[in-house]
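Enquirer: Dropping the structure in here first, questions after.
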Amino acid sequence: MFSLFYGLYNYMFSKTEFHVLILGIDKAGKTTLLEKLKSQYSNLEGLPPDRIVPTVGLNIGRVEASNTKLVFWDLGGQPGLRSIWEKYYEEAHAVIFVVDAASPSRFEDSKSALEKVLRHEDLQGAPLLILTNKQDLADAVSAEELARYLDLKKLDERAYTFLAVSAYDGLGIKGSVNWLVDVMERSKRTEMLQIRAGANLRST
């Protein structure tokens, strides 16, 4: 009985923990983003970009921001690895989708991958942050240009935005996280996941 009450107390009064997926096709800069997040929000120094290799499977990063705990799941984006993404959808509070803004020849692949993500029922209502990455490169398109290309008009039930960032030098990252935390705190999906977690605690 004590363990039940302790678990409920700990769940209700500890800092809110959000699970965020970092998705996108290969070479979009997802792992570079994760390493920059760790270096900006914790005392851990992230890997330098020249030491980052393509992700095969999963990288996890934990940081604290705006009085919340954020757990980021960075999943490999090669075509053969995208099938594992859906295994993580059910517990995710939100999705960050990273696009290499300096590679317009791959925008169609990004659009196709994103549309498949958004169709999955296990991500219903999950807030979506689309990062127009690699703004440190001169030929990178703006967030507005990418938004026009991806043309996401059918997302009325989901909070989403496009923001320009550079995972290489950190441009725009903290503002992006602030937006994400704000929408997750108000999201109906967060409420649903909290209710489910509370039910699981009571059943143990």
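Note: Cβ is positioned from N, Cα and C throughout, glycine not excepted.
Automatic, uncurated: that is what TrEMBL annotation is.
From TrEMBL, here are the annotated features:
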BINDING   GLY24, ILE25, ASP26, LYS27, ALA28, GLY29, LYS30, THR31, GLY77, ASN133, LYS134, GLN135, ASP136  GTP binding site
BINDING   THR31, THR55  Mg(2+) binding site
Enquirer: LYS30, LYS134: which of these binding-site residues has the sparsest Cβ neighbourhood within 10 Å?
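Expert: Checked LYS30, LYS134; of these binding-site residues, fewest Cβ neighbours within 10 Å: LYS134.
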Enquirer: If you count the other Cβ atoms within 10 Å of each Cβ, which of the binding-site residues THR31, THR55 comes out on top?
Expert: THR31
Enquirer: Cα of THR55 (Mg(2+) binding site) to Cα of LYS134 (GTP binding site): how many Å, rounded?
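Expert: Cα-Cα distance, THR55 (Mg(2+) binding site) to LYS134 (GTP binding site): 18 Å.
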Enquirer: Taking only the residues the record lists as binding GTP, namely GLY24, ILE25, ASP26, LYS27, ALA28, GLY29, LYS30, THR31, GLY77, ASN133, LYS134, GLN135, ASP136, what is the largest Cα to Cα distance between any two of them, in Å to the nearest whole number?
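Expert: Pairwise Cα check on GLY24, ILE25, ASP26, LYS27, ALA28, GLY29, LYS30, THR31, GLY77, ASN133, LYS134, GLN135, ASP136 gives a maximum of 22 Å.
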Enquirer: Measuring CB to CB from GLY24 (GTP binding site), give everything in the same chain under 8 Å that is also at least six residues away in sequence.
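Expert: In sequence order, LYS30, GLY77, PHE97, VAL98, VAL99, SER110, ALA113 meet the Cβ cut-off.
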Enquirer: Can you tell me how far the Cα of ASP136 (GTP binding site) sits from the Cα of THR31 (Mg(2+) binding site), in Å?
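Expert: The Cα atom of ASP136 (GTP binding site) is 16 Å away from the Cα atom of THR31 (Mg(2+) binding site).
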Enquirer: Between the Cα atoms of LYS134 (GTP binding site) and THR31 (Mg(2+) binding site), find the distance and write it as a whole number of Å.
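Expert: Distance between the two Cα atoms comes out at 13 Å.
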